[in-house]
Amino acid sequence: MTTKKTSSVVLPLLLVFALILMPMVAGQLKSTCRIAEAWKGAKECNAKCAALGTTRGGVCQKFLGDLYCCCWD
């Protein structure tokens, strides 16, 4: 009896949770990342992204020991 009650409550809650998360995941910004050996920080990365024509700038990220400059598309 308790299992039926619990499952009848949990399933609708999971559906509502999924409906809330779907727009969040779908609306994420896409970025193009390039290896940033020459860049030393965020200012250089933002300048490079501005030169490439992006309006939102960029961010430096370290991944597997390399520094990447990611420009928002």
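Cβ atoms here come from the backbone N, Cα and C positions, even for glycine.
Here is what Swiss-Prot records for this protein:
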DISULFID  Cys33-Cys71  disulfide bond
DISULFID  Cys45-Cys69  disulfide bond
DISULFID  Cys49-Cys70  disulfide bond
SIGNAL    1-27  signal peptide
Among the disulfide-bonded residues Cys33, Cys49, Cys70, Cys71, which residue has the fewest other Cβ atoms within 10 Å of its own Cβ? Cys33
Cβ neighbours of Cys45 (disulfide bond) where a neighbour is any other Cβ within 10 Å: 23
If you measure between the CA atoms of Cys70 (disulfide bond) and Cys45 (disulfide bond) and round to the nearest Å, you get 8
Within 10 A of the CB of Cys69 (disulfide bond), the number of other CB atoms across every chain shown is 26
Between Cys45 (disulfide bond) and Cys71 (disulfide bond), what C-alpha distance do you get in Å? 8
Quick check: in three-state DSSP terms, what is Cys69 (disulfide bond)? strand
Inter-residue C-alpha distance, Cys71 (disulfide bond) and Cys49 (disulfide bond) (nearest angstrom): 5
Distance between Cys69 (disulfide bond) and Cys49 (disulfide bond) at the Cα atoms, whole Å? 8
